[in-house]
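Q: Input: one structure, supplied below.
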Amino acid sequence: MKLVEGLIIIYDSDNMGSESPTTKEKSSNSPWPNWKLSLMAFLVSLGGGFNFGYQLVITNPAQKAFIQFLNTSYIDTHGVQQNQETLEFIWGVIASAYFWGATVGALLIQTVADRMGRKKGILVMFILQIICLVITIASYFISSYIIYTVSRVALGITVSISLGIGPMFIIECSPMACRGMISMATGFLLQLGRVAGSITGMPETMGTVDHWWLMYALELGMTIFITVLLFFVPESPSFLLTKNKPEEAKRSYMYYQSITEAEAKLLVADAHKTTKGEPPVGLFGVFMDKTWRCGFLVSAVVMGGTLLCGIVVVNAFAFDILLNVGLDGLHASLANIAIWLMAAIGAVLSGQLVERLGRRPLLLWTFFAMAIVDAAISGLMYLFEWTSSPDGNAITTMAEIQRREDSRWIGWCVVVSISAFILLFATGPGPVCFLVPGELVGQRARAATYTWMNIIMNGIRALLIAVYFPIRAVLGAPLSYFLLFFPSCLATVAICYYWLPETSGKTPEQAKSDVKDLPKICGSTRKSYDIKMDNMDQQQSTDSPKALEA
């Protein structure tokens, strides 16, 4: 108890200390977040983005171990042994249970965020994640695939809610100068979680029938650690204002943005003017809300394009794709790790480029480049099929096996292409798709918007995983990959070009006004808002002390 009281005293002294206004103002206008905001974003993103990315990939390289666990558990439970095809089908259902749980969790994001608050909602979800991970580990020791499946569904629900509330929490606490960079935390740690999952899930590490539970034990220890630390950070100032707690909101602004009490009061007053005490927009009310409907729909396009660019198939089947273009198991595993290391590199680059280039140019260029890479991957798949088996039949003779060996260089070209794709994805839409919704819609529609973003994310992911193999069986891998993802990237580029405004350094209200100045499919653009803002900037510069001195 004394430790908690001591931390509270430190927190209050940090907010009410005698730091000079000049230092505070410099910190609030810095493009770099202070350590308190960075710590909060790191903790929230570890339990949300990192855990989500980790769970996406750990079951893929360790699939054989999980199927063997399923076989043993099925015999112990039912006294019957199933054939390999049936076991693979059952495992496919169990693996997809995480995404169906995540879809259910997405429906609860707004309810949890608005009723519990950002911080409390995330804390509750972290505690539930800990319980789910303990149950998952227990399923190994009691050899129960049923308990494992239930825990996987529950884990999907809790991680999805954490992933949805986290970006809201970060954006609402961040000063505008560093909002873009700090909001990259969710996307960056999601990519890092994929890298960690691809390593721990390898049969050479923890992805074996005797050690797969250690993958969950590692996640459990990390989640317990971040949950304890998160207790000592304050709630989102925006949420506190919706609950009519201006004093707590003021202290929260001072904590996260390193500003003076006077500056915090101005932010509180400005936030009051923006929200005007209006109630939050409902889950379906966002479709009818004239103020934020356009921003919501554009955010949905960005999220949909992010999922339909090919990342879902690369996440789930990269190992299988590499095996089908001539690589052996070891080389495919090593290439898979290298591919996801590119994701971490891309996420680091994104933190710099998102402010220097802006959200709009970054998304337009990366989506267009990904369309080109998708076409290259599809072409290389077709080239391998054509060179290794020209007649389209199965490879049986020694000559055909030798021809496949001679075509292995194409497989390494596919590795390079997928690495380039992942680099582009992690630099652009991967992290930015979580940032854009918070900058295109205001406070009262933000929870509903992020709820729909997670519904779109998990729904498209589950649907693609379900239909990809049947479509591939009918059309073949090269054509199915091209038709599913190349047109989607181009369509996203077109829609973003005409309807996505630049949001860097702007409030949602300013971004909404800028939509009318975007290029039009037909007709001209209007520049009234820009002219008005330019006039205001000129007036402010004229009235500034430096101008008067001159």
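The backbone N, Cα and C atoms fix where each Cβ goes, and this holds for glycine too.
Annotations for this protein, taken from TrEMBL, read as follows:
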TRANSMEM  37-57  transmembrane segment
DOMAIN    41-504  domain 'Major facilitator superfamily (MFS) profile'
TRANSMEM  89-109  transmembrane segment
TRANSMEM  121-147  transmembrane segment
TRANSMEM  153-170  transmembrane segment
TRANSMEM  182-201  transmembrane segment
TRANSMEM  213-233  transmembrane segment
TRANSMEM  296-318  transmembrane segment
TRANSMEM  330-350  transmembrane segment
TRANSMEM  362-384  transmembrane segment
TRANSMEM  409-436  transmembrane segment
TRANSMEM  448-469  transmembrane segment
TRANSMEM  481-500  transmembrane segment
REGION    529-550  region 'Disordered'
Q: Quickly jot the same-chain residues contacting the transmembrane segment (37-57) by Cβ under 8 Å, restricted to those at least six beyond its ends, or write none.
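A: Cβ under 8 Å, 6 or more out: 98, 102, 122, 125-126, 129, 155-156, 159-160, 162-166, 169-170, 173-174, 178, 182-183, 185-194, 196-198, 201, 219, 222-223, 226-227, 229-230, 233, 256-257, 315, 340, 434.
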Q: Relative to the transmembrane segment (213-233), which of 121-147, 182-201, 296-318, 362-384 accounts for the most Cβ pairs at distances under 8 Å?
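A: By the under-8 Å Cβ criterion, the transmembrane segment (213-233) pairs most with 121-147.
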Q: Using a Cβ cut-off of under 8 Å, list the residues of the same chain at least 6 residues beyond the transmembrane segment (89-109) that approach it.
A: 52, 55, 59, 63, 66-67, 70, 74, 82, 145, 148-149, 152-161, 164-165, 283, 447, 450-451, 454-455, 457-459, 461-462, 465-466
Q: Mind pulling out the one from 182-201, 330-350, 409-436 with the most Cβ pairs under 8 angstroms to the transmembrane segment (362-384)?
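A: Comparing 182-201, 330-350, 409-436: 409-436 has the most Cβ pairs near the transmembrane segment (362-384).
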Q: Who are the long-range neighbours of the transmembrane segment (409-436) in its own chain, taking Cβ under 8 Å and residues 6 or more past its ends?
A: 49, 167, 171, 180, 183-184, 186-188, 190-191, 298-299, 302-303, 305-306, 309-311, 314, 318, 321-322, 325-327, 335, 338-340, 342-347, 349-351, 353-354, 359, 362-363, 365-367, 369-370, 373-374, 376-377, 380-381, 383-384, 387, 453, 500, 503
Q: Which one of these stretches, 121-147, 330-350, 481-500, has the most C-beta pairs shorter than 8 Å to the transmembrane segment (296-318)?
A: 481-500
Q: Which one, 153-170, 182-201, 481-500, has the most C-beta pairs under 8 Å toward the transmembrane segment (330-350)?
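A: Going through each listed stretch, the top one turns out to be 182-201.
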Q: Determine the mean pLDDT over the domain 'Major facilitator superfamily (MFS) profile' (41-504), rounding to the nearest whole number.
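A: Summarising the domain 'Major facilitator superfamily (MFS) profile' (41-504) by its mean pLDDT gives 87.
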